[in-house]
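Asker: I'd like to ask some things about the structure below.
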Amino acid sequence: MKNQDLITIAQEFGSPVYVYDADKILSQYDRLTAAFSKVKTLRINYAVKANSNISILKLLRTRGAGLDTVSIQEVQLGLKAGFEPREILYTPNGVSLEEIEEVADLGVQINIDNLSILEQFGTKHPKVPVCIRINPHILAGGNSKISVGHVDSKFGVSIHQIPHLLRIVENTGMNINGIHMHTGSDILDIEVFLRASEILFDAAKNFKDLEFIDFGSGFKVPYTPGDIETDIEELGEKLTRRFTDFCEDYGRELTLLFEPGKFLVSEAGKFLVRVNVIKQTTSTVFAGVDSGFNHLIRPMFYGSHHDIHNISNPEGKQRFYSVVGYICETDTFAQNRRISEITEGDILAFSNAGAYSFSMSSNFNSRYRPAEVLWHNGKAHLIRERETFEDLIKHQVILDFDRVEA
Ligand SMILES: *Cc1c(COP(=O)(O)O)cnc(C)c1O
């Protein structure tokens, strides 16, 4: 997508708007499959929560991806996108037994992450194959909010609880067909990931009927040119070797699973906003844009970095700006950033806006959620309309106080 394409999209669809590059999503998918090409059966389940637009799901389906889901609603989106139930893995945390049963009824592979639900589910449905989410207690992840493998984490069945886990499996006679870990986002150190994998292999030996091992995700993507990222190729080489050895010892070819979200869609996304106002104060120059943390919460929530380019004036003189939103609360996208000179009305493009961006947006300040556009084969396709006032009030029940009895 060239700057001019993005400007045209902002003009045609209005701002703010999310734009995703289909080629980038597919090339990331291909890069991951290439890195693990020596694995006999590899499966990539796209983590829907990163970006749940149905057209994105359908795009990934054209490449043979499956889905990783965390709610029954994500499962329903996947089915709507044309996925078969067996192509979907459901990895909830803290949801009710009823929801898990409902998803299992649909024929979706379930992944259970606590012993209480495991015992209840296994007692009632011993014939339904279940995957177990193990917490290897290996610290990964760049941010405490997204690091989920540590000892205080609410996720997974602790590796120290394997004896209790085995007792439940034996008592209920249930069938464990998969074992899973997801240690968090932003893996920087492959050795740490491999150490967690060893713990998973050790746990896996306890189960006789495994069909797959799911290594989760957490691949780090670059946020600026030259930024560190997970070395997928090195991971592919090392983990493939270990996995192949394990399968040989285990006595059966297992499927190797990953469930990346960010890796597949983060870099493909641009968020386009328009500068409403340039405001000089005694200490800084603010560029106030027609959006806020209601549309892109990552900078405020995680302290995430998003590169920002002034695509209306890409060759302009570099100046310092704080880019802020219009929400009535501190709403900073970027502080003291070098950006080519901004004039009111210019369009800014935020990078890495494909993952956890639209999917975490809200209507705070009663603003509409933006449109989404997919750039595919050199053409812009609208894949979600901007909301309207009707959407804002759709589910409000408006009382008429002249008629409500006292
Ligand atoms: C969020 C999540 C993922 C995806 O993580 P990324 O860092 O976006 O790749 C994978 N698996 C599970 C269980 C998740 O909750």
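Placed from the backbone N, Cα and C atoms, the Cβ positions cover glycine too.
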Asker: Quick one: which of TYR321, TYR356 does TrEMBL put in the substrate site with ARG298, TYR302, GLU329?
Answerer: TYR356
Asker: Given the model, what does the mean pLDDT over the domain 'Orn/DAP/Arg decarboxylase 2 C-terminal' (18-354) come out as?
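Answerer: 94, rounded to a whole number.
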Asker: Which site among LYS49, GLY218, ARG298, CYS328, GLU329 has the most other CB atoms no more than 10 Å from its CB, taking these as recorded positions?
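Answerer: Neighbour-count leader: GLY218.
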Asker: Please list the binding-site residues from GLY218, ARG298, GLU329 whose Cβ falls under 6 Å of any atom in ligand 1.
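Answerer: By the Cβ criterion, which requires under 6 Å to ligand 1, the hits are GLY218.
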Asker: When you measure from the Cβ of TYR356 (pyridoxal 5'-phosphate binding site), how many other Cβ atoms are you left with inside 10 Å?
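Answerer: So the Cβ neighbour count for TYR356 (pyridoxal 5'-phosphate binding site) comes to 26.
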Asker: Write down the Cα-Cα distance for LYS49 (N6-(pyridoxal phosphate)lysine) and TYR302 (substrate binding site), rounded and given in Å.
Answerer: 16
Asker: Provide the number of Cβ atoms within 10 Å of the Cβ of TYR302 (substrate binding site), excluding the reference atom itself.
Answerer: 17
Asker: So of all those recorded positions, LYS49, GLY218, CYS328, TYR356, which one's Cα sits nearest to ARG298 (substrate binding site)?
Answerer: TYR356
